[in-house]
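Take a look at the structure below.
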Amino acid sequence: MGFHFQGAESIISADGETVVKKRARKAYRIEALDLKIINGRTKREAKILRKLEALGIPAPRLISTYGDTIVMEKVEGTVLKEMIDSSDNPGALFRDLGALVSRLHIADIIHGDLTTSNFIHGSKIYAIDFGLSYISRKDEDKAVDLYVFEKAVGCAHDAKFLEDFYCGYMGEGSESVLKKLGTVRLRGRKREAMAFG
């Protein structure tokens with residue numbers, strides 16, 4: 001069964017075993033600049049998908065890429081957010097998710113939009129939607145990735161499950177990232193205080 005979805009950044013359609021993601025043009029940008037930005041982002045996302053496959057990290061397999069379009073394998077399963085909402089043991093799902101995000105960060109992949117809607121639960125948990133992703137070795141970037149996730153969880157789920165998430169996340173390189181996360185949280189609280197003060 002196929003589907004067609006248009007978001008702010010791309011048009012996504014799926015049929016059979018493949019998903020086609022075509023980046024949307026921005027009418028307010030000069031056409032030549034728009035094409036350069038779109039093609040650059042498409043190449044970056046394709047590069048990350050190749051790296052994920054090479055490392056054995058669960059994510060859609062890249063089939064082909066051209067210009068503004070990526071063709072990838074369709075991942076069968078349920079959006080993780082829905083699975084968590086109906087699960088008798090959501091803590092276990094959050095621990096598995098933490099372990100997967102840890103693998104991304106160990107590989108220096110910053111997802112850029114960590115929410116439970118950007119993971120699919122099938123035979124395992126798969127990370128999807130790498131449209132905002134990039135490569136970085138900086139603890140700061142990994143910490144911001146986690147901070148965005150914390151905010152998303154606070155809006156969609158019970159924040160108590162973050163403890164399970166971090167149980168799964170703990171491992172290689174996590175100590176320095178979590179230390180930096182403390183600084184990022186403090187900065188976020190100061191911004192919020194200024195906004196409401």
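Placement of Cβ uses the backbone N, Cα and C atoms for every residue, glycine included.
These come from Swiss-Prot:
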type	residues	note
ACT_SITE	ASP113	active site, proton acceptor
BINDING	HIS4, PHE5, GLN6, GLY7, ALA8, GLU9, SER10, ILE11, ILE12, LYS22	ATP binding site
DOMAIN	1-197	domain 'Protein kinase'
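Known features from Swiss-Prot, placed on the structure.
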| residue | record | DSSP (3 states) |
| --- | --- | --- |
| GLN6 | ATP binding site | strand |
| ILE12 | ATP binding site | strand |
| ASP113 | active site, proton acceptor | coil |
Mean pLDDT over the domain 'Protein kinase' (1-197): what is the value?
92
If you count the other Cβ atoms within 10 Å of each Cβ, which of the binding-site residues GLN6, SER10 comes out on top?
SER10
To the nearest Å, how far is the Cα of SER10 (ATP binding site) from the Cα of the residue listed as 'active site, proton acceptor'?
15
Take the C-alpha atoms of GLN6 (ATP binding site) and the residue listed as 'active site, proton acceptor' and report the distance between them in angstrom, rounded.
17
Between ASP113 (active site, proton acceptor) and ILE12 (ATP binding site), the C-alpha gap once rounded to whole angstrom:
17
